[in-house]
Amino acid sequence: MSFIKVDESSDFSYHNLPYGVFSTRDNPRHRIGVAIGDQILDLSVIKHLFNGPVLGQHQDVFDQPTLNAFMGLGYDAWREARKYVQMLLAANESTLRDDAHLRGRAFVDQSSAVMHLPAEIGDYTDFYSSKDHATNVGIMFRGKENALMPNWLRLPVGYHGRASSVIVSGTPIRRPQGQMRPDPTKPPVFGASKQLDVELEMAFFVGSGNKLGEPVPIEKAHEHIFGMVLMNDWSARDIQAWEYVPLGPFLGKNFGTTISPWVVPMEALTPFVEANAVQVCHQITLDHCTTQEHKKPLGSIYTCLIQWRKISQPSNNSSQHQEAVRLNPSNDIADPQPLPYLQHQDPYTFNINLFVSIKGEGMREAATICKSNFKYMYWTMKQQLAHHTVNGCNVRPGDLLASGTISGPDPESFGSMLELSWRGSKVIDLGGGESRTFLKDGDEVTITGYCEGRGYRVGFGQCQGKILPALQQ
């Protein structure tokens, strides 16, 4: 444990140690810090202490205004840094604990800090990797029989977003204006969006990149994934509905995307890894088998269903073999095997509890509208990165790759108001006489998330934004 006192309910335990960029009134320079409890350890103050085989030659990365240079050093540097910071903060380590002068300079109260974007984001990609969300939206717009497009189960669908409008938590969002066609029998109109929505997402920062023309193989993808943040992909549904055919989202999305300021390293999330509930099923050979369904629990809601199917029934046991067929948990229709470049045997999804709340003007307290979990995702971050680069596309340190809306199988786990209100057909009760179908001006939306350990949390802080009225024409 640490000599810094940390409450059990704090997101920023000794087991977490996320990276962020902050400034203070006394020192407005942007600098890199690590959160622990209600404190920030200023790495620019203690950079001279990093003397390992990698960081000993690159101490200057902790004197930069963003995390990009540190991210770019790669996997070994990240592990080295985390191990050393944990050592410095340990209860039995005197370097910081007993040096009052250094400790006084190195620690800053979070309450006195201003947080900034953790990295200079060169490119931003948003995926569409929740099967429940994609199915819900497909049912709304195309009907149950055509809910998922033919490619959805074959590849991680995504689009390139707008990096310039990615903002840090606490930055207000202006209600966007654009073209809409509320009445399909009439021409489109211009005005402020009436269907402004929240999208519960998470995103990861690319650490070390790849060269143009050289894909990141899936077995190496984890070495390029630096850490995760919470994300709100604000969406204007009425603008989006009119514009998205045939090239996808544009003005309905690019007016603002909010992320949390603290980047939780993947190593901190390792204790909370879970097998992908839909995909991580393995080819198995049995000597004696009859066709049956075998259910293996993988969490409170999902199960991974495997059907053992005889390919042939020869008399010789040595040539008898079965095929494991992946099944859809919702309707038992077999999902296709991913192509080889998207296959990985190791689990790489995480049990991260996620919450969305709204606090309208005049409301005394926020109302939680969504309780979900990152483990519901169908495509993993490894698959997303491998697919993104398989054609030779190069990614760079600080690039942001988002999950897409995170929805689970139950209505309370739906990660958008589009789903919660089922396209505006029913109200979302906020209590105290307040209700919504979509966001109103003055609404403050907060996304939180954490992993729950024994007596500690690994959390992400807040991803928060308040809706400002549209500009007057």
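Going from the start of the chain as shown, residues are counted 1 onward.
Placed from the backbone N, Cα and C atoms, the Cβ positions cover glycine too.
Just so you know, TrEMBL annotations never went through curation; they're auto-generated.
According to TrEMBL, the protein has these features:
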| type | residues | note |
| --- | --- | --- |
| ACT_SITE | His133 | active site, proton acceptor |
| BINDING | Asp126, Glu199, Glu201 | Ca(2+) binding site |
| BINDING | Tyr128, Arg142, Gln240, Tyr244, Thr405 | substrate binding site |
| BINDING | Asp233, Lys253, Thr257 | Mg(2+) binding site |
| DOMAIN | 15-118 | domain 'Fumarylacetoacetase N-terminal' |
| DOMAIN | 125-463 | domain 'Fumarylacetoacetase-like C-terminal' |
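TrEMBL feature annotations superimposed on the structure.
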{"residue": "Asp126", "record": "Ca(2+) binding site", "Cβ contacts under 8 Å, 6 or more apart": "Gly158, Tyr159, Gly161, Glu201, Asp233, Pro249, Lys253, Ala402, Gly404"}
{"residue": "Tyr128", "record": "substrate binding site", "Cβ contacts under 8 Å, 6 or more apart": "Ala134, Trp152, Pro156, Val157, Gly158, Tyr159, Gly404, Thr405"}
{"residue": "His133", "record": "active site, proton acceptor", "Cβ contacts under 8 Å, 6 or more apart": "Gly404, Thr405, Ile406, Ser407, Phe414, Gly415, Ser416, Glu419"}
{"residue": "Arg142", "record": "substrate binding site", "Cβ contacts under 8 Å, 6 or more apart": "none"}
{"residue": "Gln240", "record": "substrate binding site", "Cβ contacts under 8 Å, 6 or more apart": "Pro249, Gly252, Lys253"}
{"residue": "Tyr244", "record": "substrate binding site", "Cβ contacts under 8 Å, 6 or more apart": "Phe250, Gly252"}
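The two recorded residues, Glu199 (Ca(2+) binding site) and Thr257 (Mg(2+) binding site), show a Cα separation of 10 Å. Listed in chain order, the residues near the Ca(2+) site other than Asp126, Glu199, Glu201 are Leu200, Ala203, Met231, Asn232, Asp233, Ser235, Thr257, Ala402, Ser403, Gly404, Thr405, each with its Cβ within 8 Å of the site Cβ centroid. By neighbour count, meaning other C-beta atoms within 10 Å, the densest spot among the binding-site residues Glu199, Glu201, Asp233 is Glu201. Averaged over the domain 'Fumarylacetoacetase-like C-terminal' (125-463), the predicted model has a pLDDT of 87. Each residue of the domain 'Fumarylacetoacetase N-terminal' (15-118) gets a DSSP state, and the totals for helix, strand and coil are 45 helix, 24 strand, 35 coil. Sitting within 8 Å of the Cβ centre of Asp233, Lys253, Thr257, and not among those site residues for Mg(2+), are the Cβ atoms of Asp126, Gly161, Arg162, Ser165, Glu199, Met231, Asn232, Trp234, Ser235, Pro249, Asn254, Gly256, Ala402.
Lys253 (Mg(2+) binding site) falls within neither a helix nor a strand when secondary structure is assigned with DSSP, and so counts as coil. Among Tyr128, Arg142, Gln240, Tyr244, Thr405, the residues given in the record as binding substrate, the maximal Cα to Cα distance rounds to 19 Å. Arg142 (substrate binding site) carries a helical DSSP state (H, G or I).
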